[in-house]
Structures are given as C-alpha cells and as structure tokens.
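All remarks here apply to the structure that follows.
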Amino acid sequence: MDMNEIKEIFFQECEEQLAELESGLLKLNDGDRDPETVNAVFRAVHSIKGGAGAFGLDDLVSFAHVFETTLDCVRSNRLEPNQDVLKVMLRSADVLADLTNAARDGGGVDEARSRQLIKELEALANGELPQAAAESAPKTTPAGVAPAAPVVNEEGFQPVAFSFDDFETGDEPTIEPSTYEIVFKPKSDLYSKGNDATLLLRDLSRLGEMSIHCNMDTLPPLDRMNPEEAYFSWKISLKTDKGEEAIRSVFEFAEWDCELDVALAGGTVGMDEDLPMQPVPFDLSILEDEAQAPAGEEDRAAASEGDSRNAAVAAAQTASNVLQMAQSTARVSPENARNSQSASAAQAAAQQAASAATPTIRVDLDRVDRLINLVGELVINQAMLSQSVIENDTNGTSSINMGLEELQQLTREIQDSVMAIRAQPVKPVFQRMSRIVREIADMTGKSVRLITEGENTEVDKTVIDKLAEPLTHMIRNAVDHGLETPEKRVAAGKNPEGTVRLTAKHRSGRIVIELADDGAGINREKVRQKAIDNDLIAADANLSDEEVDNLIFHAGFSTADKISDISGRGVGMDVVKRSIQALGGRINISSKPGQGSIFTMSLPLTLAVLDGMVVTVANQTLVVPLTAIVETLQPEASAIHSFGSSQRLISIRDSFCPLVDVGRILNFRGAQANPVEGVALLVESEGGGQRALMVDAIQGQRQVVIKSLEANYTHVPGIAAATILGDGRVALILDVDAIVAASRGQSLKPEMSLAAAG
C-alpha cells in the first residue's frame, strides 16, 4: 500500500469524523448538554488534527487546533454552548470540511473566511463572549489579546476568574520552561498499526529543545531483521513550557502501540539506566524527506558488506518508512487524562471497551460491487437451473429437486446478506443538507430551521451516493423560493423562523423521502404565465393544479425575477427529476397556497435484485414487484361494473376498485381485454390508493436481477427496469405507481411506451 492509498483511508476516516462532528453540534444546538456529546465533538476534531499532522497538512492542523481549543473550553465548562457559540462552531465545522476536501482534491478554500473564523474561535476561547446571550458581543479578537492556550482542567483544581485587562499592560505572565525526561519504547508492530516513530519524534521536537539517545540493544543480526518491525527505543530530554499533557498528546494515536513514560527531570523514568545508549544527532530535515519504498536487493547487498551495526542503522531508516507502505487503521483513542494516574485508568477503560466492541473492517466499494454482481449472476443461473428441471419434468421427490430447493434457499440468504452490506442509513446525506440550509439562509437573510426524521432509514449505498445532488437542488429551492423573508412571514401571521422538514421512511418496498416547507407554496398563476411566455403551454390550456405544479420540472424553467448565485437559471428541478428517474424513482409535488409545499421522492431500496411475480400480458412477459401486490384474484362477471365509456370497476368484498388493463396502458393492444379471462392483481401505490391490474396469466414468482433499462435504451414510462429470466428471455419490470398514475388519465405517450421499446 503506497502513501496515496494510506491518505485515501485517512480522508475516508475524516468523512466519518466530520459526520460525527456535525451530528454532535446539531444535538448541542437542539439543547443536548450530555457531556458525552461534547466529548464526541471534541474527539472528532482532535482525530482529524492528529491524522492531518501525520501527513503534514499544516492548514488543516492549524484550524483544527484552534477549533479543538475552543471545544476544550466547552468540555471544561468554561464556555457555555449557547446559540451564538454554536453558530460559530457550525460554521467552523463547514470550514473544517472545506479544508479537508481541499487537502484531498487539491482545490482552494476561502482563506478570508477561515481567518475570520479563527479569530472568532480564539475570541470564544479567550472568554470575550459572555456565557449568556451575547448579541452585542464582538466577533473578532481585540488587539493585544493573545490566542488562548489549550485549557487544562486537572482534577482537584477550580477555574480562577481573572480580568483580561491584566494582559493589556504588555507584561504578560510567562511559564518557565521545564525539562522532561521521556522514554519511548515502541512495540514491535508499531509500523503495521499505521504509526511512525520518526513522525512522532518530529512532532515532539516542535514543543521545545530536544536531545535524544537511542537504545539499539534489541537490534537483531541483519539476517534475522524484519524491516517492518520496530527494534529501537528512545530516551528523550525535552525542555518545553507546554506541559506534560501536550507531550502525551503527541503520542495519543500510538499509546496502545508503545510504552511511554513522562516525568520531570530528576524523577524516575521507565528505562533501565544500565542499558547501552547511543547518542543520535536529531536532524529534522531527515524526517521531512519523503518516504521511499523498502530497500531492494542491491541495497541489502551493500548493507551486508559493512558492519552489522552500521547496516542496522540503514535498515532502521527503511523500517521507519515502511509505515507508508502499511495499511493505516482508524483509532478512536480515549481522551488524554489530566495526570498520569487518570491517564492509566482511561487507557485501561478504553482498551476494555475496545475489546468488547463489535469488530469492523473497511472494504473497498469496488469489491462489494463485484460480489453483488456475482450474486446476481448466481441468481440468474439458479433460475436457469430451476427452469431446466421444470422442462425436463423431473420427479418432485428426486434428490435433484431437493438439492435445487436448498440451492434456492442458500441463494436467497446470500443475496440478503450481500445487500445488507451495501445498506446504509441516509443520515450522512441528511446531515450534509444542514450545511446547505445554513449557507442559503445566510445568503438570503432568512431564519430557517431544518428538521430531519428517519435518519436511520437504510437504503442501498448507490442510491445514497446519487441522492445528494437532487436533494441539494430541492433544499436550495425550498429555502430560496419556498420560504418567505422574516418580515413577510410575520405579516402573514407566521413564525419568523421558517421550517424545512426532511423525512425518510420505507413504504411498499421502497424508500420515500419527503421535503416539506411551511412557506408560501407554489404561485400557480406565476408558473402558468411563465410557461405561456416560454411556449410550454397554450394560453387557453386547461390544466389541473397538479399539472401546473409539474411544469417546474421543465428544463430551463424558472420563476425567479432575477438571476442570483443561488437560483434563477432554470437548471435545478429538471436535474432533480432526471436524477430520480435514473435511479428508477419518481417525484411528486403537493402544494397549498400560504401553507407550503411537499416534494415526495420514491426510490427503490436496491438497484440489484427484487422479488417479483412473472405475468403474461398480450403475449409479453412482465415482472410485477411483489412488494406492491396485496392479493391476486380471478374476476367473476358479476363483479365487473362499467363506469362511463371506458372505465371499469371490480367489486372486492363490498368495495369498488378501478380495473386497469395493463396491456392497453402500455399500448400492447387497442381494445380492452375481457377481465373474466384474465387475472387481477390488487396493487397498492405509495400514495395509498389501490388499483386492480388486469393481466392475462401468472407464470409464477421469481427473484430477479435488476438491469437498468435507461442505461441501455432510454427511460420508458410505466417500466422501472429489465431482467433476465431463467430461460434467457428478457422481461421488463413494471413501474406500478406509473401505471396507476396513467390509469387516472395521465396516459403514457405512445412513442415512449413499451411498444416503442421493441
């Protein structure tokens, strides 16, 4: 594994830490004052800072350090996390995410914004904002006030009140440097755990003046040396004014992989004084060199020509660089204790918790995708085998059939297990929307509150990855277009703070995501006039409210009076609709003037496999998702009733349900089929309505592999995807909700119907 791969793992861990940071800050913003929430937020920033320091990402380290210092003030109860404080911290979390992305992608950041937030964070750490409401408090650090040092909250000590005026004289108190004796003994597997002694010593040298003695007593002969193991240990003398906590924080990510003793000069340290020590000149320029690959055969041959001790020094340099070829693993370390006794207790407790935790492993998504594809092929081959057994009319009691049934069960279990690997909660996407709301609210001068529900609803990772873009467009529209300004809301008798509600839930085997706002609703007159001006509809067109609302999905359509950085170019909602359709989903709008709008997106839980009922319609084989079917029944002539010229109803247990001829909806036939000669599938749409879909016959139930029709052909209304049956035939999977919508009068266009697909 090279350095780029290790960095990528670090950035993946940063994404997790940023999500934890965002979640914790939002909890605090909602009034949560659980100390563990504060600790989780602090650990997230501290972990990012520690990893960034190992890779020399100085900008990220500097900002995270100031952020961490301010959070430590909250941890030690020296700073009250009121709304003003949390606003600064939420914006700081956004900047921390920007710096992380810039370090990952090589892009730029808003340096002016970063500097401003550093000033605000330093001001908070210095106590310049009161703990109560502080609307009039300054947002920048006054001249003459130095940034706060990390707060030390040792047990048995109480915070002491003081005045910042004491620092205005220029005679700032200084802390006398102390000399610490440090013994650092890495365990043999230090490098394989993602740590490097040279990086740790480099970070330690930044704390003050340092001299080092290296113990090479455990160094084996060259022929038995493993360059991936650690053999050296160090005794370090450090003169610093930072204190013991700062020293221990350098080794925080290696504390489980080494023995570390820190004591003031003159105290007792853990290394045997009789052990042979060899002074090592400490040249930081050596540590700054880029790590190279392990020595080749020529290097090892050259090393073997000299004394084994001299060769060992070269081998040790190679060993220190091997980390950059080793896999780095995520670590959630316990908080550093404030003294040596609490440090030992915290470490023991953390190790016990870690041993009890559920083990996890990080796997490349490409490997998971390949596994899912193989499972899909396994499902197809299992179906083909079942078809062959049926065609050969094998005795149902034979060992072949028994083995086939076991194979079907195992295939189902494998498929369920694999799909569970890819299933992830929508929480990361929802948390990302919080930042969008904050940014748009600041740009528009609106007061907006985002409420999220169903964050733990799970869906396939492919769906989650492609969900962020359409949700971003919808959130921007909801805040910019949907919500009124505080003045207009007050005039309308509303709360000046607007509300955007984002919810996720499972329904009918799909995931349904709703985005609702309590704004003014869609101005249908304005939408209609804009559509007429753009020649989208005729001036005398008679459109329902639903049809008018759906006009906003046309490409280039916008009701904005002027173009801004947020909206007005008409490239938003059409992108949303295309993105949702590409995932096999749908989007609907419900709006009430003066009350707001609701956008409902319906998406499949997975894009890989589904359980379906194979049916025949006009000599064509189709698949209906089982999750949408309530029951099947054979219609009787007495249960069929005509309504109007073309509508038919079927009586089911003293209630009437519209009867939909699937073949006619899909333009497979012109005249309606005789319902008595077919089978009715009672289906339920996501909106809760029921329809009886009329098909010619039922072939059976199958687990089928979903193949994208849009990727290979185009989007076909009424069709969700395609699949390959056991006999090799291609069958199309019905989009039940689209069929139900078409039965309400929104007929499918002939040129885009199933017949057009060939």
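Just so it is clear, glycine is given a Cβ too, placed from its N, Cα and C backbone atoms.
Since the structure is predicted, the reported quantities are computational estimates derived from the model, not experimental observations.
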### Message
Of the residue ranges 131-184, 293-346, 509-562, which one carries the region 'Disordered' annotation in Swiss-Prot?
### Response
293-346
### Query
Taking the Cβ of HIS46 (phosphohistidine) as the centre, how many other Cβ atoms fall within a 10 Å radius?
24
### Query
Using DSSP, how many residues of the domain 'CheW-like' (609-745) fall into helix, strand and coil, respectively?
25 helix, 70 strand, 42 coil
### Task
On the DSSP side of things, how many residues of the domain 'HPt' (1-103) fall into helix, strand and coil, could you say?
86 helix, 0 strand, 17 coil
